[in-house]
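Asker: Before I ask anything, here is the structure I am working with.
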Amino acid sequence: MLEHVINGLVLGGTYALVAMGLTMQYGIARIMNLSFGDMIIAACFATHVLFTALGISPIAALLIIVPASYAINLGIYQVMMKPLVSRAADEGALEVDSILLTFGVLFVIQGILLIMFGGGYNSYSFLNTPVKMLGTVVAGNRLLALVLSLAIGAVLVFILYRTRWGMILRAVSLSPQSAPLFGIDTDRTARTAFAIGGAMAATGGVVVSMFQTFTATAGVVFTMKALIVVILGGKGSIPGAIAAGLLLGLVETFVAAYVDPGLTLAAVYSVFLLLLLVRPNGLFGKV
Amino acid sequence: MLELNDITVFYGKHLAVDTVNITLAKGEIVVVLGANGAGKSTMLKAVAGMVPIATGTVAIDGQIFNGIPAHQIPDKGIAFVPEGRGVVGQMTVEENLRLGATPARARAFEDETLEQVFDIFPRLKERQNQFVQTMSGGEQRMVEVGRAMMAKPEFLLLDEPSLGLAPIIVGDMFKALDRVRETGVGLLIVEQNVKISLRHADRGYLLEAGRITGSGSSQELINDAAVRQAFLGGDK
């Protein structure tokens, strides 16, 4: 039982992490990024290669992959998203355009990964040592994943709620029309938020790859789950993303353990539907 | 000195502001009177960089600055309080005020200006941790003005500060604006509430269908027959 709670929190922690990233991109930059999960998978493979070919530990790999991902996402925004933002008549138009564009990006990333690594299952063994904790046994890599998710989530929450920079990010998310009155450059803020979101996807990828097998085509599942977490938590809400992420991880783990592993996705959607019926704007959504 | 020189602004295809000239000195309150749709709001938005100026220039002390993006305007020393949407409702009073000090010119004075704002609007100090959207209309107006002050402006542009407020609150608001003026800020106020705005202003302009049709000291305008006819309801 306790084992499932811990495993559920580990999984949920990574969901919360990647959902925070998607929330940064969707809530602040207003880009609906369908290639989000594929960026996670790309980071999984990058960690895999760095670890197995070069012997760089996934922890050290974070220091390479996360900044690289930030830079790549800045580039993607500048080259591909910026023209859409400039021409978009309103928020709805930007949403449709960005969905179409990132749908294409999804296939490009997936195609590159398929050519390089094929379609099989991949995993590597890192810190796969049992750790005794609270009367049960957990794999060391899972524990590390949980600690990393919590730590990075806490840093993000601190930045958003305790620094001027975070206030600026939230202001652009909550009220893009009034942000310029405060002297806030919404374009630059959107670009930064998009890049941070991408960096968080990469962080999630590194963390997930430590304890889960992954395939080149699994990106879309991550995108869907991150999307569910974001909508469930309330669009743009960071506390909501954390709560919904943990909830989803627990539901998945418990259904897999006590009901049937084949029903996890069905269970996730049921929770999603039920909660949205009760709270159409998500757990922490604005009314 | 803030100067609007022959500015012309289109609202869509409609000519909203037609070769308007207005000056505003520091420490002065100037009111622009006009009916709905006279182009008052569009004129302020144009100065704030939110709608493009077709022809003409806007300058501070001779330095022309029109054409720059809206988010750079606060750093030029101009703060704009639009009619609604001037603050972030889902953030607290203090967050909104501190966020107002985002322009580089205002950062160093943040705490000092915050005290000044709390001094002029004690209600905001009491409610500093409250979310703005849960406050009354008058209190939200105070946050908007306070937020604009936080940018350390030389000139403050206000679009209908009295709109939607109870008469007693309107009086308080204008008294507060008097105190903002005492800090050396010049205020350009666009109003439909002619009586109270002329009582607090030094000078005024009349804007009709996008053109300036009259100007003068507040006393001259109060005594002006045309103003009395159009705005003050005849002989009242």
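The backbone N, Cα and C atoms fix where each Cβ goes, glycine too.
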Asker: For the annotation transmembrane segment in TrEMBL, which listed range does it cover: A:98-121, A:218-241?
Answerer: A:98-121
Asker: Sort out for me which stretch, of A:98-121, A:141-161, A:192-211, has the most Cβ pairs below 8 angstroms to the transmembrane segment (A:6-24).
Answerer: A:192-211
Asker: Could you give the residue numbers and ranges of same-chain residues that sit at least 6 residues beyond the transmembrane segment (A:192-211) on either side and whose C-beta is under 8 angstroms from one of its C-beta atoms?
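Answerer: Residues 10, 14, 17-18, 20-25, 28-29, 31, 33, 36-37, 39-48, 58, 61-62, 65-74, 76-77, 81, 123-124, 126-127, 139, 141-142, 144-145, 148-149, 152, 156, 169, 172-173, 222.
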Asker: If we skip the immediate neighbours and take only residues 6+ beyond the ends of the transmembrane segment (A:141-161), which ones have a Cβ under 8 Å from one of its Cβ atoms?
Answerer: 6-7, 9-10, 13-14, 16-17, 20, 59, 62, 126-128, 131, 133, 169-170, 200, 203, 207-208, 210-211, 238-239, 242
